[in-house]
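Taken straight from TrEMBL:
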| type | residues | note |
| --- | --- | --- |
| TRANSMEM | A:21-45 | transmembrane segment |
| TRANSMEM | A:57-79 | transmembrane segment |
| TRANSMEM | A:100-126 | transmembrane segment |
| TRANSMEM | A:132-151 | transmembrane segment |
| TRANSMEM | A:172-191 | transmembrane segment |
| TRANSMEM | A:233-255 | transmembrane segment |
| TRANSMEM | A:300-319 | transmembrane segment |
| TRANSMEM | A:331-353 | transmembrane segment |
| TRANSMEM | A:382-408 | transmembrane segment |
| TRANSMEM | A:414-436 | transmembrane segment |
| TRANSMEM | A:456-475 | transmembrane segment |
| TRANSMEM | A:481-500 | transmembrane segment |
Amino acid sequence: MIGTFVRLKLRLIAGSLRGELIRQLGFGFSIFAAVICASLGFLLFSLARFGAADLAVQVGAVVFTGAVLSWMIVPLLAFGLDETLDPSRLALFPLTTRQLATGLFAASATGAWPIASLVALFGGVVGLSRGLGGVLIGLVAVPLVFALCLVASRLVTTALSGALRSRRGRDLLAVAVVFVVLLTQLPNLVLNRGLPGDGMGMFRAAADALRWTPPGLAAHAIADGGLIGVLDLLILAAVVLLLGWLWILALRAALVRPDASNQGGSVRRSRRTGLLPDSRLGAIIAKELKYARREPRGRVAWFSAAAIGGIMLFSLNGTQNAQDAVNAPGFGLAVGPALIAALMIGVQSANTFGIDGRSLWMNAVAFGSDRDVRTDFAGRQLANFLISGPLLAVISVIGAVLGGNLLWAVPATLLAWCMLGLAMGTGALMSVLSPYTYPERMNAFSGAAPGQGGQAFVAGFGALFGAGLLILPVLIPTVFFAPWVSVIGAVYGAAVAWGGRRIAAKIGFRRFPELLAAVSRPT
Amino acid sequence: MDEAVRTRGLVKRFGQQTAVAGVDLMVPKGSFAGLVGPNGAGKTTTLSMCTGLLRPDYGSIAIDGFDVWTDPLSVKSRIGVLPEGLRLFERLSGRELLLYNGQLRGIPRAQVQQRAEELLRVMDLVDAQDKLVVDYSTGMRKKIGLAAALLHNPEVLFLDEPFEGVDPVSANTLVEVLQRYTGSGSTVIFSSHVMDLVERLCDWVSVMSQGHIVAQGPVAEVRQGRTLNEAFLDLVGARGHGDGEGLSWLGSR
């Protein structure tokens, strides 16, 4: 049974690669990244060997716990890494829950990234063990930690799968994910609030607390290498079994729970429609504004951009206080958060048509020339700016006030708008060059259709890199000697957005059928 | 005879598989035409290529004499489409969807509003007009999809399986609207598995099998005295698998 599931997973991966070159390249890149992560992770973790024994254990506890936590959270945030089988697709097969559980467990251990994590975790055997006993225990402990990662990850996604299946639940969970991200930022914020400034002490305190968590026990077991280590392992194994059992329970419940009904309420008719021009452009702007509000992906994107801006403001401000505001980067505080937020918002436009997905045909049958596609881009960019323009201005003003000079808000806002324009311009290009499908249901399993993780990466990275590069000629003079350059910057940003959508519309109109196919893949 | 749709030598391959292998589809103007064929015959692929949603490997398609791939502007203003699968802009309400569609096609807002209201009334969607499309049932989706396809008063309407999964009441509404539409000289081409329906509604039928058109013409001509279902089964050569060899284990206790 395990073999069948592993073969199924491998066949799914292979099947998703058939045909298109760009996907194969993306997959190759993903493998390459996994190999790099595996070897770097292994090496760095091994280096713990050269530290003091107690420090090594602390590092081990933190790394192991970090691994388990990221396995729990990353599939929820889903950047196209995890393409594990959805249990509900297997519900009708005559499999016992145990077979299903072991099979899914094996399937989730199959793939480049799971193996990369396993290899990196094995670095702990080198880094932590202090004798033969340690090595032997490590050879058991690391697979146990890995199993813990998988089981915890599966438990979280399966337990939430019921919520993920109803429309409202999915919508809610999507937004809740943002708060998970915020939560992970909490320690960072606390650190930056300038507590006694003793980072090492904080680390040790945290590690000592983590020492008693199951992954911490694993680290201790390897370092101990004796009887106590074996005891640690027994506890760890018990925890894995317990979580596995809970997972089976959740799986059993998830498979028989009925699909939640979709009794949606009515929406209010917009009164603002009258304010928008009575034209194609106006219709597109109106639709985009509604989507920003109603589509969970849109809500998430906006919430997270605002949240990142807020976090940056808060933590940079903390850093500044800690440095007694003598050589404080006040101007940086005004510019930094707004710029990052602008980049975050702009990069969303790197897969403009992905949000429409399989509904994009409705535009396709109406667009008769590249002019129409250009109008579509323009409407989307304008709608985006109607929300992000004021948002970025607010972040800049707060940053400037915290930084100590309200006037800084002006260049900061202009720079942020410039960044936004650049990201929109490059994003428009990436949207037609490397389009991909968002999963139809915003689920916990993946961020792009199976096999399209590569395209997702290329699009996001391309837009990010392009905008990051293009901003330099404006950013450097503005920050270091001539704030007025930011005025040119705003015009420059608008020009790049304009040029980007012009070129993108030309390319996009010619390959609209292909574009349509790329954003309408089955997920 | 004026042709609403004319394809010549249409070919589409997906990897090794040839979905459409040289289709010469012809539909006269003003007809209510059915495109029938077994699963995998290439109906959806053909319709997608005719509407400009899928690029053919070879061949040409003309709608009212305009080439779909060299003159998209003329073609797209003349056609209405209801594709298979029926994904619409899910986060708009039914009413908003119609308004968006109309304005996207360059119709002034006031006129779109008026047309949308009439369509919503005819389609019996007035109560649901402010609900999000994502919460619509299959029948409601088909109706709002058809309304969106009709909004700009196209000359040729392409419908892929418009009656599949639709309850009899909604189906009846769809039929009435479509009959009225063809009655005024416009053309409907729809794909279907349901022979009885095609026989009842259509005056023209094209039969597809394995990527080819195997028969095409006025329904009476294609039937040749048989029921359309019998004619269809003969044409696609699909008789006799169900009671032949094999399956001896099925149902025996």
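Even glycines carry a Cβ here, placed using N, Cα and C.
Contact between the transmembrane segment (A:21-45) and the transmembrane segment (A:233-255) is not supported: fewer than 3 Cβ pairs lie under 8 Å, counting only residues 6 or more apart in sequence. Within its own chain, the transmembrane segment (A:100-126) is flanked in space by residues 1-2, 4-6, 8-10, 13, 30-31, 34-35, 37-46, 48-49, 60, 63-64, 67, 71, 81-85, 87, 90, 134-135, 138-139, 141-143, 145-147, 149-151, 153-154, 218-219, 222, 244, 247-248, 251, which lie at least six positions past its ends and keep a Cβ under 8 Å from the stretch. Here the transmembrane segment (A:456-475) has long-range neighbours at 22, 26, 29-30, 79-80, 339, 343, 346-347, 349-351, 415, 418-419, 422-423, 425-427, 429-431, 433-436, 447-448, 485-486, 488-489, 492, 496, meaning same-chain residues at least 6 beyond its ends whose C-beta is under 8 angstroms from one of its own.
Scored by C-beta pairs under 8 angstroms, the transmembrane segment (A:300-319) has its highest count with A:331-353, from the stretches A:132-151, A:233-255, A:331-353, A:481-500. Residues 87-88, 91, 97-98, 100-101, 104-105, 137, 140-141, 144-145, 147-148, 151-152, 154-155, 158-159, 161-162, 214-215, 217-218, 221 of the same chain sit 6 or more residues outside the transmembrane segment (A:233-255) yet have a Cβ under 8 Å from a Cβ within it.
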